[in-house]
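Notes follow once the structure below has been shown.
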Amino acid sequence: MSELTALTIAEARDKLKAKAITATELTDAYLSAIDAANDAINAYVAVTHDQARSMAKASDERIAKGEAGALEGIPLGVKDLFATKGVHTQACSHILDGFKPEYESTVTANLWADGAVMLGKLNMDEFAMGSSNETSYYGPVKNPWRAKGSNADLVPGGSSGGSAAAVAAHLCAGATATDTGGSIRQPAAFTGTVGIKPTYGRVSRWGTVAFASSLDQAGPIARDVRDAAILMKSMASLDLKDTTSVDLPVPDYEAALGRSVKGMKIGIPREYRVDGMPGEIEELWQKGIQYLKDAGAEIVDISLPHTKYALPAYYIVAPAEASSNLARYDGVRYGLRVPGKDIADMYEQTRAAGFGKEAKRRIMIGTYVLSAGYYDAYYLRAQKVRTLIKKDFEDVFAKGVDAILTPATPSAAFGLADEVLANDPVKMYLNDIFTVTVNMAGLPGIAVPAGLNGQGLPLGLQLIGRPFEEETLFQAAHVIEQAAGRFTPAKWW
């Protein structure tokens, strides 16, 4: 069965088309793999065995009739904050206990319309707040990768840790994820997978549990660049139910792969050389520069002067929006309800019991920066900084730069239950240092595996593109992937 789960989406698509395998066989292979591995990895918080099998059966019938969709019979995992009709959707928070939506998110509806099969819902940091997938009410996810000669558990990154771990461990062919400050790209880098955060407005947010509405964007995590391109084509669409959705045709992203990068201008930002960055990250970056240079790209030094303000500004804007978005969870209509002596007490008891520590921390920060006395000093200034960050990128792109190459993360995956990080949230927030600028500016960014560190753990590079020019990112990421190769963890689970 493992030879079926080893297939990429592109390979499985070809075999299904040629009738060499059936969607039912492929789905059963994944369900068996999940049943065998999930206790160890904890990537799934709900597995939809019956639904997966009936969707696979319907796919086989469509294939037989010659009516196959673009993702016909491909088994996918869904991050737990996409609404899936009648299926567990809790953003891995206790406050949404027992919640099963009456409707389907636009992203998942697009995937099912193209014939994809749902295997279940994937673990994540609570309300997508975290960089290690340790804030989930359902417990942490374990990274399928381990350091050479070590049995120590590592984090898969966050918030889309379940998505990245499931893809890396071959517990789904691909997965949906979301990215507010790096939640697709950082876990992809930590697990040797490919993750793209599309331009803000490219993929509908309708039916996705909101964290920070002006930053959130859904995208895929996949095993390679081609699979990410295939998934993104199905996920992206115009959606009138999302006022930020953009009316632009969705290109065939897969067609961009293999196109030459000769003459493409790649910017290298000097501000991304941060103090204390491990030598192996710098080395990897140089390697990526060389790969693109060898393929004919022109490398230019650039400056993004406001980079150093991105992280503090992000941790004002994102919690501010979160405190507003999370105000709706009160125990009245759905989810957890803890009885109280009156309605105000019921609200308090429900929210106290329902939200985890990190969600509470961000709600408090957000409420503080939006309060009358501090709104101008913090929130307003952070929004001004955001405008300056966006302008930095606009200036660089105006000079003819096609894409920007940076590291994806400041380190490889770190240990589960790391005491230093547990006691110092700011240190944990530094994981997003290379990724938040992309969300602040609403740009597309892709993380692609580019090598292993000295301990045999995957490291990723990030490419940042012009708005709605994801094709350029796929094109350049494919060049890096071809040069660096693909990386799969040794099975221990």
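Every residue, even glycine, has its Cβ placed from backbone N, Cα and C.
Here Swiss-Prot flags Lys79, Ser159 as active site, charge relay system. Annotation comment: Swiss-Prot describes Ser183 as active site, acyl-ester intermediate, evidence class sequence analysis.
In sequence order, Met124, Asp125, Ala128, Met129, Gly130, Ser131, Asn133, Thr135, Thr178, Thr180, Ser183, Pro187 make up the list of same-chain residues 6 or more apart from Ser159 (active site, charge relay system) whose Cβ falls under 8 Å from its Cβ. Sorted by the number of other CB atoms within 10 A, the active-site residues Lys79, Ser183 start with Lys79, the lowest.
For the recorded site, Ser183 (active site, acyl-ester intermediate), the DSSP three-state label reads coil.
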